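Asks: The structure under discussion is supplied below as structure tokens; questions concerning it will follow.
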Amino acid sequence: MAKIVVTGGQALQGEVNISGAKNAVLPILCATLLADAPVQISNVPHLHDVITMVKLLSELGAEVTIDEGTLAKGRSILVDPRSVTHQIAPYELVKTMRASILVLGPLLARYGTAEVSLPGGCAIGSRPVDQHIKGLQALGAEISVENGYIKATSHGRLKGGRYVFDMVSVTGTENVLMAAVLAEGTTVLENAAMEPEVTDLADCMIALGAQIEGAGTPRIVVQGVQRLGGGHHAVLPDRIETGTFLVAAAMTGGSVTVRRARPETLDAMLDKLTEAGATITTTADSITLDMQGKRPRAVSLTTAPYPAFPTDMQAQFMALNCVADGVGVINETIFENRFMHVNELLRLGADIQVEGHTAIVRGAARLSGAPVMATDLRASASLILAGLVADGDTTIDRIYHLDRGYENIEEKLGALGATIQRTA
């Protein structure tokens, strides 16, 4: 099984291009099922989850053509949904990636029927699908859960309605939003997720002919249309990858510019990096972080839905706090079981105390390399970050988690001066 070996001690310097956002491209690929003509998606990252989603679309009968492109420009995917013949997303594919549930709304809206296996693909606690089910029922769907599958049908077109999400759910918002686009009449979604990836999904569907207002706010209004046509959409940059490289620069006392970024989607993260002592300058599509000659200061944070601090950056900032000056308190309010990286960071010499959903991190003068094991996507990133500043070699096992969400991370870090390699 492949591993990554990191040798610590190098301050990162240089520039890095940010890839398309994993959490945007997956729902956007699902949204192509709503169209009745080919849809081209560009700036698609080279990720394992994207490959899985392409397999799922192909399993449903869609014709998918991939232009591999380059690391510099990203890949392009052309989806022709006119050949879709199946409306069942099988367990074999769904179990490896939770985002597979996002075909439920499009299949139901377009074909009046959908069967999607209950999802797997993530070890960071329960992520209930009830928000998806309730939202689709509010549009007139009949839904049952039988034999491990969500089975949804509608008699004729879905009907527009008003739905208030019990809790903020990104994928729940996306699933119901996609279904509402082809529903008859007006749909109002309240307490909707405001993440930039939701806005990007809406922008894609608007380009195909959807009528959506309010994406990026808690209230989204959709005027249903009869059909979506073909078109093109470029995926927005990945704000979590952006944040990960900025934290790497801060931890190593480096100076890094991230290009093809969207600074306006990173306010909470940039505020915390400034609090940690970094000097940050931004342009419309780049961010430069300078921490040369300085040790980061510890920061305290609480994860919450956008625009607050993202749970997907919690592990990386914990790694920063492990070598920072002072004590940082991290409260995780989004997911349970999202401190699984703590035991691995402890193996490197970190000083972390966990009490329920709170981690208290006391900065250590140094970490020392050791063999560690990745437990989920963002945890694996935090271990690489810790390895960048640890004495000696840090060997990270189970890096298949990493390939689900980071495109060529060892190449990108290596280009910034890190000593990092993938081994068989």
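Just so you know, glycine gets a Cβ as well, placed from its N, Cα and C.
Below are the features listed in Swiss-Prot for this protein:
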type	residues	note
BINDING	Lys22, Asn23	phosphoenolpyruvate binding site
BINDING	Arg98, Arg127, Pro128, Val129, Asp130, Gln131, Asp312, Ile334	UDP-N-acetyl-alpha-D-glucosamine binding site
MOD_RES	Cys122	2-(S-cysteinyl)pyruvic acid O-phosphothioketal
ACT_SITE	Cys122	active site, proton donor
Asks: Per residue, counting other C-beta atoms within 10 angstroms of the C-beta, which of the binding-site residues Lys22, Arg98 reaches the highest number?
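Replies: Checking each of Lys22, Arg98, the winner is Lys22.
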Asks: Tally every other Cβ atom lying within 10 Å of the Cβ atom of Asn23 (phosphoenolpyruvate binding site).
Replies: 25
Asks: Could you state the whole-number distance in Å separating the C-alpha atoms of Gln131 (UDP-N-acetyl-alpha-D-glucosamine binding site) and Lys22 (phosphoenolpyruvate binding site)?
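Replies: It is 22 Å, counting Cα to Cα.
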Asks: May I ask which residues of the same chain, at least 6 positions away in sequence, place their Cβ under 8 angstroms from the Cβ of Ile334 (UDP-N-acetyl-alpha-D-glucosamine binding site)?
Replies: Thr303, Ala304, Pro305, Thr311
Asks: Within the chain of Asp130 (UDP-N-acetyl-alpha-D-glucosamine binding site), which residues six or more apart in sequence place their C-beta under 8 angstroms from its C-beta?
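Replies: Spatial neighbours, sequence-distant, of Asp130 (UDP-N-acetyl-alpha-D-glucosamine binding site): Asp166.
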Asks: Whole-number Å distance between the CA of Asn23 (phosphoenolpyruvate binding site) and the CA of Asp312 (UDP-N-acetyl-alpha-D-glucosamine binding site)?
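Replies: Their Cα atoms are separated by 11 Å.
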Asks: Measure from the Cβ of Pro128 (UDP-N-acetyl-alpha-D-glucosamine binding site) and count the other Cβ atoms within 10 Å, all protein chains considered.
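Replies: Around the Cβ of Pro128 (UDP-N-acetyl-alpha-D-glucosamine binding site), 11 other Cβ atoms lie within 10 Å.
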